[in-house]
Amino acid sequence: MAGGRRGPNRTSYCRTPLCEPGSAGGAVHGGIPSVSGVRSRARSSSSTGLSSPPLATQTVVPLRHCKIPDLPADRHLLFELQLFFCHLIALFVHYINIYKTVWWYPPSHPPSHTSLNFHLIDFNVLTLTTIVLARRLIGAIVREASQGGKSSVPHSLLLVATRFAVLTGTGWSLCRSIILLFRTHSFFNLLFLCYPFGMYIPFLQLGWDFRRPGLSHMPNTRDLASMDRGSKDYLHVLQHILRHHMPSAEPLPTHACCLSPDLIRSEVHYLKLDFNWRVREVLLSSMLSAYYVAFVPVWFVKSTQYYDKRWSCELFLQVSLSTSVILTQHLLPARYCDLLHKAAAHLGCWQKVDPALCSNMLQHSWMEECMWPQGVLVKHNKNVYKAVGHYNVAIPSDVSHFRFHFFFSNPLRVLNILTTLEGVLIFYQLYSLLSSEKWHHTISLALILFSNYYAFFKLLRDRIVLGKAYFYTAVPDCERKLN
């Protein structure tokens with residue numbers, strides 16, 4: 001024939017779906033759902049970089065999750081006390097920077113018998129700032145004293161007295177400071193104290209969605225039904241602002257290790273919202289603490305008082321960064337990051353490919369009821385995607401699923417970021433300490449460094465232990481026997 005030569009009859013490939021809809025809908029982790037065979041044409045160009053699925057039957061094998069050791073963690077009340085102590089150190093060194101004296105001068109110069117000009121300090125501002133910095137500690141004490149349980153009558157009376165004393169003392173000190181500040185300062189100056197809260201209200205009102213899915217298998221879903229879009233008001237927004245700045249002692253979510261695509265996507269959606277909630281709590285708490293440590297004291301300084309503005313800005317950055325690292329380490333512990341990693345492993349990921357490079361390869365129509373093995377090509381929204389994960393139930397066009405898998409596919413990613421940030425902060429503080437020439441800068445950096453060493457030690461300890469645990473799990477059994 002003029003058009004080409006004749007050859008033997010070619011085998012026709014049946015383009016059947018990869019899996020039957022609903023085949024993995026009710027499977028549990030112990031079962032192995034079978035998936036129909038996947039065949040591709042033999043003509044695969046080596047220049048495309050795409051490998052077609054094997055000719056044998058594809059089978060979804062259950063994942064083997066790593067069992068991480070139980071790392072010691074601080075109690076919630078002890079952690080809040082440690083965080084408050086770090087904030088007090090930062091506030092103390094900032095007051096040294098503002099109200100320092102020249103007490104070492106000889107009597108011929110204007111001497112001072114103290115290292116600080118205490119008569120220039122506004123103790124009402126100091127009291128208000130201390131209460132704001134202690135808000136999480138106060139909430140933790142009240143929560144510990146409010147926990148019910150079978151206890152003796154004297155113990156119950158002691159808890160009630162403790163709760164009453166803490167709330168009464170805090171409320172009286174706060175009201176007294178605010179009243180005295182209204183007498184000595186203008187209303188415009190007092191608005192500076194409420195500036196962070198004024199920014200949160202429109203930000204929360206317009207930008208955040210507090211709705212959460214009602215998942216029955218999640219034991220500790222926060223009740224956010226009152227924050228529906230149709231019923232948002234400023235009272236509810238203020239309530240959730242306070243929740244962001246109060247300590248969160250809720251238990252960690254649990255991992256529903258199942259092979260149902262719908263349940264896996266629902267679990268990932270819930271964990272994504274829970275993770276965003278924890279990150280928002282970290283950001284809001286750290287920014288508010290740094291604001292009251294670095295900016296509020298200098299705003300109420302008299303016009304004749306000199307202070308180092310550059311040091312105040314550096315202190316704001318250092319306090320916000322160190323507080324963010326400490327809070328993130330507490331709210332995102334190793335067990336929680338391992339939970340997110342397991343969910344990301346079940347979710348999988350898709351990589352968008354050029355349709356021209358895989359036109360001669362078998363392509364399936366993506367179905368949400370199916371669980372797709374690694375290396376399969378699917379069509380979704382007129383695009384072609386390749387399965388990247390061990391098995392994949394993510395929506396190919398959903399960017400949030402891609403980000404979730406990218407960020408949590410490595411279980412040590414969050415811990416590596418925190419360790420790097422804390423290490424860079426400590427290195428910068430050590431460099432500033434060695435190059436400082438002023439006595440108050442030396443004292444300030446030395447005290448702040450001591451408050452960061454403990455957090456860095458815990459991060460390094462967790463990183464070393466978890467790194468060895470995940471590495472031991474990743475090594476095949478045959479290599480372990482050889483070693």
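Glycine too: its Cβ is placed from the backbone N, Cα and C atoms.
Under the heading N-linked glycosylation site, Swiss-Prot lists Asn9. If you look up Swiss-Prot, you'll see 76-96, 114-134, 158-182, 187-207, 281-301, 414-434, 440-460 marked as transmembrane segment.
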Kindly say whether the transmembrane segment (281-301) and the transmembrane segment (440-460) touch, using the definition of 3 or more Cβ pairs under 8 Å where each pair is 6 or more positions apart.
no
Restricting to the same chain and to residues at least six past its boundaries, which positions have a Cβ under 8 Å from a Cβ of the transmembrane segment (76-96)?
115-116, 121, 126, 129-130, 133-134, 136-137, 139-141, 144, 247, 249, 289, 293-294, 297, 312, 315, 318-319, 322-323, 326-327, 330, 440, 443-444, 447-448, 450-451, 454
Against the transmembrane segment (414-434), which of these stretches has the most C-beta pairs under 8 Å: 114-134, 158-182, 440-460?
440-460
Sequence-remote partners of the transmembrane segment (158-182) [C-beta within less than 8 Å, at least six residues beyond its ends]:
124-125, 127-128, 131, 138, 141-142, 145-146, 151, 190
